[in-house]
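A short worksheet on the structure shown next.
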Amino acid sequence: MVADVLLTHFNQLFCLNDPGHPLTGQEMKKATIVEDGYIAIKDSLIVALGSGEPDAELVGPQTIMRSYKGKIATPGIIDCHTHLVYGGSREHEFAKKLAGVSYLDILAQGGGILSTVRATRSASFDNLYQKSKRLLDYMLLHGVTTVEAKSGYGLDWETEKRQLDVVAALEKDHPIDLVSTFMAAHAIPEEYKGNPKAYLDVIIKDMLPVVKEENLAEFCDIFCEKNVFTADESRYLLSKAKEMGFKLRIHADEIASIGGVDVAAELSAVSAEHLMMITDDGIAKLIGAGVIGNLLPATTFSLMEDTYAPARKMIDAGMAITLSTDSNPGSCPTANMQFVMQLGCFMLRLTPIEVLNAVTINAAYSVNRQERVGSLTVGKEADIAIFDAPNIDYPFYFFATNLIHQVYKKGQLTVDRGRIL
């Protein structure tokens, strides 16, 4: 087979044999590091991988050849938890955070999520589209090729749908692949204050059926937290969403452990998000149900909290984990997955191999894209992040700098030295 594109002489390729399930426990520590590696691409797919000189049959008169001495290649990075589409920003809350005002106290004062809800409700489709596109561009420049994007800053049907429509439009227009999550249950809207059950009934009866019918989202999510939605309320919504055919995610055990992990395990959610306050029993329940733990260390960093999710304990117990930005305007205003990956080492005490497995193959399972992306594997799409680094440890050791040299998306050179092509 003659390749369309042949990428050669990488210092290292980060490869693994996809076992057919998210990596857990000791599997997280394993990878195949190919020295002097090459990748052959044809029709957007990886068709060959190896070390040294490529087979002669891969090279034809039209084959594009590129050498990458001094560089490494990983699968395209996957950010599997973002709140991508929103109006406004919340830098005016930063001084309060520095003064020690808590996230929940800011929310109780009418700030936080509810502040962004007001800004998003007043934002036009074009405004939301352009703002979200800028964030996606930034993510792409940092090596991200697949992104999960939630609604949840409308809390009414008109605005929630506008958010989902923005995600759908960007999925068509932007190089990054988007996976949509419906999260109208992100907070209790002011018009339903004191009556969350009535709001959940509106979501179940009036919103979810339309989201499903119009294929606007693949996943359904809810914020199970003190002063937001209880475990029983979360179970009520997610069980109905599951009956309609949605895959499930749940924000759980972020600020307090109130039973969200139990709901995730009972309903076999694909992932439980945050988990800073998870208990040993909660870890065991998620392992038993095969739920992926999606950890968001940049949120803990941004909130200036001391308690990070117990990632080391999770992996050692046999749990599958991922890492994501939680990109949002309040608790985590960043879109930089390289920073998150570095926090995975510095604050969660993971190794570079564990982090790379978390943000590639496990993240692919978290967004139900494991058949297409998540590993440098023959037959998968050629989503490739190329780092200006001599080995896979270097991007973690040399922190707070964008080390992306190039990005390939579906076999096409999409980013080249800081420029989107």
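In case you wondered, yes, glycine gets a Cβ from its N, Cα and C as well.
Note on H83 (Fe(3+) binding site): other Cβ atoms within 10 Å of its Cβ, all shown chains, come to 25. DSSP assigns H83 (Fe(3+) binding site) to coil in the three-state reduction, outside any helix or strand. For H81, H83, H251, D326, the entry in Swiss-Prot reads Fe(3+) binding site, with the evidence type sequence analysis.
Around the Cβ of D326 (Fe(3+) binding site), the same chain contributes H81, T82, H83, E273, H274, L296, A298, T299, C332, each under 8 angstroms and 6 or more positions distant in sequence. If you look up Swiss-Prot, you'll see H81, H83, H251, D326 marked as Zn(2+) binding site.
Remark: S331 (4-imidazolone-5-propanoate binding site) has Y103, T299, S302, L303 as non-local neighbours, by Cβ distance under 8 Å and separation of at least 6 in sequence. Swiss-Prot lists R90, Y153, H186, E254, S331 with the feature 4-imidazolone-5-propanoate binding site, giving sequence analysis as the kind of evidence.
The N-formimidoyl-L-glutamate binding site feature in Swiss-Prot is assigned to Y153, N328, G330. In sequence order, H83, V85, Y86, G87, I113, T116, V117, A119, T120, T159, Q163, H186 are the residues near Y153 (4-imidazolone-5-propanoate binding site), counting only same-chain partners six or more apart with C-beta under 8 A.
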Residue from R90, H251, E254 whose C-alpha is spatially nearest that of N328 (N-formimidoyl-L-glutamate binding site), among the binding-site residues: R90
Sparsest Cβ surroundings (other CB atoms within 10 Å) among the binding-site residues H81, R90, H186, H251: R90
Whole-number Å value for how far R90 (4-imidazolone-5-propanoate binding site) lies from G330 (N-formimidoyl-L-glutamate binding site) (Cα to Cα): 6
Check: same-chain CB within 8 A of N-formimidoyl-L-glutamate site center, minus Y153, N328, G330: H83, Y86, R90, G112, I113, T116, G152, P329, S331
E254 (4-imidazolone-5-propanoate binding site), number of other Cβ atoms within 10 Å: 28
